[in-house]
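Peer 1: Sharing a structure below in structure tokens format, with a few things to ask.
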Amino acid sequence: MFTEYIVSFNGYYKPQARKRFLTAALHDSGVLSWKIIPRDNLAYDYPSDFDVVKLNDGSHAGIEALESHPIIKRITPHKKLSRSLKFVKDVEQSEVEDRECNETSSNMCPQTFHSSRSHNRKSLSLGATYWHSPARFKGRRLLRAVPKQIVSALQAEILWNMGFTGAGVKVAIFDTGLSENHPHFKKGRIKDRTNWTNEKTLDDGLGHGTFVAGVIASYKDCLGFAPDADIHVYRVFTNNQVSYTSWFLDAFNYAILKKINVLNLSIGGPDFMDHPFVDKVWELTANKVIMISAIGNDGPLYGTLNNPADQMDVIGVGGINFDNQIARFSSRGMTTWELPHGYGRLKPDIVTYGSAVRGSALKGGCRSLSGTSVASPVVAGAVTLLYSAVLDRANIINPASMKQALMASARRLPEVNMFEQGHGKLDLIRAYQTLRTYKPQASLSPGYIDLTECPYMWPYCSQPIYYGAMPVVVNVTVLNGMGVSGVIVNKPRWEPYIPHHGNYIDVAFSYSKTLWPWSGYLAISISVAKSGASYEGIAQGQVTLTVESPPEGEETAPRQTILNLPVKVLIISTPPRSKRVLWDQYHNLRYPPGYFPRDNLRMKNDPLDWNGDHIHTNFKDMYHHLRTAGYFVEVLGSPLTCFDASQYGTLLIVDAEEEYFPEEVTKLKRDIDNGLSVVIFADWYNVTVMKKVKFYDENTRQWWMPDTGGVNIPALNDLLAPLGMAFSDKVYEGDFTLGDHDNCFWMLSAILEYTAYNNLVQLFSNQDKAVISPMELPNRMEGNHLHRYSKVLEGHLGTARSRILPTCPRVIYAPSHPINKSAPTNLFQQQKLLSVRLEESLPLGRQSVEDLIESLETKEKLGYGGVEPHVQGAGPIQDIDSNSVFPVLAFIATGLVLLFLLNQYYRGRSKPRRKRPRLKKFHTILYGTKGPSV
């Protein structure tokens with residue numbers, strides 16, 4: 001049996017050199033048959049940093065031999081990237097549901113969803129019908145006006161009037177292709193069309209790539225943002241919506257060679273461990289390619305972010321509707337790379353219109369589409385337009401500076417948290433103003449930490465902090481617009497504000513030693529100091545750090561930015577033990593890297609459990625229920641040997657797939673004997689069922705068999721064995737009721753009522769004791785590979801054994817450097833980018849943005865509406881000459897005023913003056929011109 005692998009090299013080499021390296025590596029490996037898979041595309045003539053190699057049954061020995069070669073960096077399976085279409089009933093109905101969901105509490109919105117998600121990357125569009133049929137709108141069903149042109153919704157006309165239309169910017173569209181003669185694109189603007197698939201065509205057979213290209217650069221009918229941009233079309237998906245990692249890698253390399261400025265990826269998937277793909281995205285952005293990608297269509301669930309939009313160097317875009325509400329389909333944060341030990345980063349970066357947006361149809365005309373793959377090209381088009389507007393300052397434009405400008409200028413949506421909206425709604429004109437005055441610098445995302453600001457800072461703001469609790473971890477992204485590489489000089493400093501009780505806060509740091517490309521992380525662990533154990537109230541301070549990058553151009557000194565990160569927390573007294581609940585995060589496993597099946601067996605087209613099983617992601621509703629009931633929930637990201645059980649009333653173990661160390665089993669039994677309660681929610685486990693949910697992986701030419709069920713029942717039984725308890729492997733389907741209750745949250749409340757207060761609800765106490773006949777405990781499935789992904793197990797001589805118990809993480813708090821500083825009243829309004837003087841950045845002869853906004857508003861009042869490119873024929877965009885329009889308007893206005901004054905003058909002369917009686921004149925002085933009425 002043959003298996004294909006991507007062999008990545010440490011540099012770029014010609015085909016003959018790469019073949020010599022592979023031959024040398026495999027010479028003594030025992031591999032009898034292998035070959036390099038030919039890649040018939042434009043990249044073949046250029047040096048490359050990878051090959052696709054097919055090995056025979058001796059692939060394990062071949063992999064070891066290849067990995068030992070000094071020129072070879074990594075060996076990974078050659079993955080098929082399967083993209084699927086996701087439909088809703090129709091676009092307008094989904095918008096009505098969005099509104100109904102957003103107008104009520106988010107916790108009332110149903111958290112179930114139906115997805116056709118595969119384990120790889122896919123399109124992120126929601127079609128109204130088929131790709132090639134236009135969506136139809138029925139106005140009577142819409143409660144808001146859908147703008148005819150998406151460009152008008154973001155006021156692109158203002159930049160068009162300044163003469164900026166995308167000219168001089170190369171924008172790449174990685175999608176399903178585009179017809180060379182599509183009528184919506186100016187002649188000569190489609191500069192390059194390349195095909196990276198195994199189909200012999202450059203045209204779009206689906207319509208998705210055409211729609212995306214139209215949103216970015218159409219010049220007629222349904223207008224795009226940058227009609228004069230240089231369009232580079234990369235066909236990386238077949239008409240059957242199939243792609244492979246190697247196709248993307250070759251196409252990415254070609255984009256670097258072509259010096260692409262902006263790249264749109266309206267695709268996504270959960271596999272952030274597809275190393276060749278992720279590494280190549282880093283390489284792209286390191287070469288100043290600004291990548292914009294869709295954040296995903298798996299909302300309203302949290303923790304459903306897609307890759308590559310979840311990467312720090314990529315602009316990840318979420319979707320909103322035209323009522324400025326988060327679209328229900330838009331994926332929510334946090335990122336889940338960092339689990340279980342840490343906490344996710346803030347994503348999406350920004351949001352924009354992604355519902356019922358009009359764009360180019362396959363054969364001409366317009367159609368409407370919804371999805372974050374629609375929102376992504378809206379931002380990509382806006383970025384292309386912005387880039388063309390600052391070409392005179394092109395030396396300061398890079399992936400970090402563009403992202404900084406978009407985030408700093410975004411309009412925050414009210415009553416929406418940061419893991420739904422990121423920094424807010426795209427504001428094209430404010431972004432332009434920011435870029436015009438931008439000074440290379442580093443910045444932070446989020447730019448402040450306020451654990452009291454709800455709902456924006458959810459979930460941080462949902463629970464105050466107290467002495468003895470697990471540290472609250474805030475993962476801040478460091479964006480470095482000064483250079484592709486940089487460092488954090490020395491160490492971050494914690495500076496408590498003396499007037500604001502900052503000395504009651506302890507802070508620890510973990511951060512990137514090197515910022516590359518354009519970014520890094522700063523994880524901040526926040527706890528209450530021992531001195532604040534009895535304090536109740538607000539405490540504030542700031543984190544200070546210095547980011548440095550090498551000089552550029554004629555500069556001699558390193559570039560440097562000093563950043564201040566304000567921190568504000570609410571401290572309360574430590575709650576009683578009975579109210580403290582500890583969530584075990586350490587023993588949750590998910591895809592990637594292994595096949596861990598869904599809890600819901602009905603989701604046959606979406607078999608992989610990839611949400612992270614965190615109390616703030618797919619268990620958000622449980623968290624909200626616990627907080628509403630008055631419980632305080634903390635998260636344990638380390639083994640059960642690493643917490644003080646005397647501080648907690650209940651340990652929650654939910655859907656645990658991981659094994660347990662023997663020391664954990666012993667310690668938990670001791671904790672239970674000393675008063676700790678344990679609540680376990682375990683999903684299905686049955687070896688026969690597990691064998692039935694296997695699927696064939698075309699990458700490895702092997703069947704994927706799950707390594708556990710929805711939960712690891714044999715491991716839980718080992719944990720419960722000292723208590724004389726065990727779970728069976730019976731699998732049931734359907735609903736359950738307890739008395740009159742069919743709500744699992746009621747059952748959770750009833751259980752916690754017992755664990756916290758030893759109060760057993762009457763419904764439970766009235767139940768007859770069940771007599772359970774002896775049963776055979778479920779066994780682990782033979783041949784499972786859980787040890788490959790486990791933190792607890794390791795492989796040894798063909799069998800799995802327990803690893804050595806890791807030491808418990810120790811939080812080392814940073815020294816305090818108190819400062820006598822008053823905290824700002826509003827942390828959000830304090831966040832601004834450094835800028836140069838306006839007159840130094842504006843190009844000569846350009847009309848100011850303020851004047852153009854005023855002129856646009858004047859024209860709207862006069863009934864002219866927005867300015868659009870010429871939409872008939874094939875003519876260029878018609879710019880309105882403001883220098884000729886305003887003098888005419890001024891002349892007409894002056895004439896009207898003169899006519900009015902002359903009319904008043906002659907009317908006054910034509911009437912004889914009558915002498916007013918003295919009494920009436922006196923009355924007028926006292927009461928005014930009108931007398932009192934009776």
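Note: Cβ is positioned from N, Cα and C throughout, glycine not excepted.
Pulled the feature table from TrEMBL, pasting it below:
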DOMAIN    3-79  domain 'Membrane-bound transcription factor site-1 protease-like N-terminal'
DOMAIN    166-424  domain 'Peptidase S8/S53'
ACT_SITE  D175  active site, charge relay system
ACT_SITE  H208  active site, charge relay system
ACT_SITE  S373  active site, charge relay system
DOMAIN    445-574  domain 'MBTPS1 third'
DOMAIN    575-741  domain 'MBTPS1 fourth'
Peer 1: What are the helix, strand and coil residue counts for the domain 'Membrane-bound transcription factor site-1 protease-like N-terminal' (3-79) according to DSSP?
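Peer 2: Counting residues by DSSP class gives 25 helix, 28 strand, 24 coil.
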Peer 1: Quick check for the class: what is the C-alpha distance, in angstrom and rounded, between S373 (active site, charge relay system) and H208 (active site, charge relay system)?
Peer 2: 9
Peer 1: Around the Cβ of D175 (active site, charge relay system), how many other Cβ atoms lie within 10 Å? Please give the count over every shown protein chain.
Peer 2: 27
Peer 1: Calculate the distance in Å between the alpha carbons (Cα) of D175 (active site, charge relay system) and H208 (active site, charge relay system), and round it to a whole number.
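Peer 2: Here the two Cα atoms are 7 Å apart.
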Peer 1: Count the Cβ atoms, other than its own, that fall within 10 Å of the Cβ of S373 (active site, charge relay system), considering every protein chain shown.
Peer 2: 32
